[in-house]
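What TrEMBL records for this protein:
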{"type": "ACT_SITE", "residues": "D:69", "note": "active site, proton donor"}
{"type": "BINDING", "residues": "D:8, D:39, D:40, D:178", "note": "Fe cation 1 binding site"}
{"type": "BINDING", "residues": "D:39, D:68, D:151, D:176", "note": "Fe cation 2 binding site"}
Ligand SMILES: [Fe+2]
Ligand SMILES: [Fe+2]
Ligand SMILES: [Fe+2]
Ligand SMILES: [Fe+2]
Ligand SMILES: [Fe+2]
Ligand SMILES: [Fe+2]
Ligand SMILES: [Fe+2]
Ligand SMILES: [Fe+2]
């Protein structure tokens, strides 16, 4: 089985990149399942709207994962009701939070469970992600392929999670920093890992935002409004392709994809 | 001119990797200048010792840059006195701090100034790095090639610095996260940039540290001592090679290097 | 000379408390100068508006100081232009920031300089407050009484500042936490100090905000909108009165004032 | 019933203050139960040693609570084994952590349960304290008096906890900042509350530490070793006395105690 995982999709440009490039990627990589982190898919880059989610589903994304921006748009509450099996939020939010934190999808005769968790280091104050994932893994049949989107800032926490889950899941894929790392690898010949998949969106600017607004904020310390770049001339498509073993939940390979205009 | 820049060299393994691999890299890339971030070169991965610095100089490192671990070893004070022109620390520490924050070296008939600054986001409370670099650039002749080691955590701050300095310096190279990013590029056809060069050291474990100790710390929240890995079987050499224009201070190319055993 | 310093004035309730109680306090304490921290005087508790500032000036506040909320309302830019000598913002923002960070006012034949600085610990990334105040003190005549509003979170940083300035200024008064501390004292028989003056506003709820909204935010981790309490039934007036020596800039006494309905 | 609660006891000086002053306080206030926060009772102010704990028990402290410094001394593990009913650590550490997070003690015919929790804001990454206390309260008989030591930094989080537990516990007492606040009160005529009880230790310096070392750390950003003050000439005893209703678990009164030499 082949699983294509796209990093944080940012704004309209991000959706446009998927519209333009995903069919190419599908032809090339023949994925059986496509997952994308959608926490920045809203038009302003904060959270996700119904319209953005519908576009992404229509374009072929099977499952959307979220992150620290999950609650930025109120429409997320509707999405969790209307599409409970196609969008998830980090598991270490309080148990009473809206939405689910993992979902199982059939891929032919195989089951794939996708789990979303958030880091604690340099992030909002959430419960321990290591214990949160342990709790979920106890509830999942051992023959499920498991893909974990670990939405986190610190490389140490992400690598620690990769090693912590080695042999227990198919893949641990980092998101949130919007910059792809060069370290895709199979940990201990069992679990696919990358520290950050990177971003789908505008490749100029700062993480999909206008560089002028970001620089002004850093240099003046004023609450400058960050403006999302609407220009689709310079784009990037950041993803990983994971190929699984057929007789075990192990990953056979992980391949980094970084297409830029 | 060709400048080879090595990311954070971690512990004895990091020095051994340089001993084993740098001559290969030199043959292959023919650099005129070699810079390395040495903030983790001490045997325990914290700061740098005289012995570690001497080894690195002997092995061909021309200039050492530092970061948040700069003060971890008391021997740094001696090094700043004995080798003032070969080791620098972030410029946005207080002005009265020991050591220099930039240094100029002759490369044939050309001058190259190397500057070290630290990020503010998710880092120790230092002064504004954007203003710190402005102050230094005012003092440097316009015909100097300038290489900036921006030791920082957040991708947004690093990319903002890259764009802020585009056209004003030759290269803005990120360090500190120990994981190489995939985004080496020439910003606006002028300034070489990468979010993080990555680490020189043991490729297994977590950023050069034993994965068991790191995982235990994250899962128990106990002050588990982080143990540096002494095993040289699995190593990585993370660097970038920058080629400069000859008639301007612009970068012509940046090439990512990531060799793993 | 007697100086009355009021802690963070929060919202309409805060202004109403001043309307109701300041005349009583003036009768009782006979201050020659009244200073208030106005960073929460806007109707929603974030920043300050022209209307709020005018009300406070009309009610007898001579000088307004600010804090981390300084830029929350756009009208602050106008206020810095229209009333440059009556409202200040923390000195360790970038030098190019709008507004002044200290101001000198005549009190009879004496000069009093009021300085505003912000902490670094657990606060926005600003420049070093200790160096910022040093720079300002070098520019102020030695016979000026000096009152410092140190807007900071951590008790260690506030106490350190108090000791750092002992003998060099008349008073170091902490603001920002909205809870008055019990430690008003004259450090080394020279400088008046309190870790936090506390809040002028509604005494029920959480720091002037509705307790339900604050609790909901902490327990759900959702971006619950914090609602300011508009109820003036339960109020508090937090201030300190400093009496100065007449033949030196030293403080003779500091008196905590905490009136609650 | 009267409960005397002492804030963070810092170092040898803190223990000496208890030796000198606790008998006076006992005579004056006639407490039935004495609790103290012991997270800084070790000779260097970091964590607690067996010797320090034994001294505090011998001097009449019934129960010791801890905080973020709980694991600073290895002897804590022995103490949790040897005195499981007399020392507790924050409940929102991982469930597998050594030690207990609450303990019940008989006071005549009444039961008093003491609970220790830690804040999340500006503190180490722990699980949600609001959910942690909910879980414990479900296990405690409704007729137990309950005293909560909430070891936290942010005033907003502490006040939110006070309101959250109003009517459900006897007292919510803040610790950690080492500076007593002026806001002791009975919330809604039910629950005794104070944002911070303050420190037992040396009243000069910065929170029990030498002011020179603390100032040097803030101004130089060097890893200056913080030296605990050994001088017992200037001391302070910070505590609160809570008187409970006899026919309910409500608090009748809370009285701030701040004795300084
Ligand atoms: Fe994110
Ligand atoms: Fe994102
Ligand atoms: Fe490093
Ligand atoms: Fe670093
Ligand atoms: Fe405030
Ligand atoms: Fe504030
Ligand atoms: Fe403490
Ligand atoms: Fe503490």
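Just so you know, glycine gets a Cβ as well, placed from its N, Cα and C.
Since this is a predicted model, take the numbers as computed values, not measurements.
Annotated features, which come from TrEMBL, shown on the structure.
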residue: D:8; record: Fe cation 1 binding site; Cβ neighbours (10 Å): 30
residue: D:39; record: Fe cation 1 binding site; Cβ neighbours (10 Å): 30
residue: D:40; record: Fe cation 1 binding site; Cβ neighbours (10 Å): 31
residue: D:68; record: Fe cation 2 binding site; Cβ neighbours (10 Å): 19
residue: D:69; record: active site, proton donor; Cβ neighbours (10 Å): 22
residue: D:151; record: Fe cation 2 binding site; Cβ neighbours (10 Å): 29
residue: D:176; record: Fe cation 2 binding site; Cβ neighbours (10 Å): 28
residue: D:178; record: Fe cation 1 binding site; Cβ neighbours (10 Å): 27
Going by C-alpha positions, which of the recorded positions (D:8, D:39, D:40, D:69) is nearest residue D:176 (Fe cation 2 binding site)? D:8
Take the mean position of the Cβ atoms of D:8, D:39, D:40, D:178, the recorded Fe cation 1 site. Which other residues of that chain put their Cβ within 8 Å of it? D:7, D:9, D:10, D:37, D:45, D:67, D:69, D:175, D:176, D:199, D:201, D:207, D:208
Shell of the Fe cation 2 site beyond D:39, D:68, D:151, D:176, same chain only (C-beta within 8 angstroms of their C-beta centre): D:8, D:37, D:66, D:67, D:69, D:70, D:90, D:118, D:123, D:152, D:175
Listed binding-site residues with Cβ under 6 Å from ligand 8, out of D:40, D:68, D:176, D:178: D:68, D:176
Cα-to-Cα gap, residue D:68 (Fe cation 2 binding site) vs residue D:39 (Fe cation 1 binding site), nearest whole Å: 7
CB-CB under 8 A to chain C: among recorded positions D:8, D:69, D:176, D:178, passing residues in order are D:178
Whole-number Å distance separating the Cα atoms of residue D:39 (Fe cation 1 binding site) and residue D:69 (active site, proton donor) is 5
How many Å separate the Cα atoms of residue D:151 (Fe cation 2 binding site) and residue D:8 (Fe cation 1 binding site)? 10
Taking ligand 7 as the reference and 6 angstroms as the Cβ limit (strictly under), which binding-site residues among D:39, D:40, D:68, D:151 are close? D:39, D:40
Proximal residue to residue D:69 (active site, proton donor) among binding-site residues D:8, D:40, D:178 (C-alpha distance): D:40
DSSP three-state call for residue D:8 (Fe cation 1 binding site): helix, strand or coil? strand
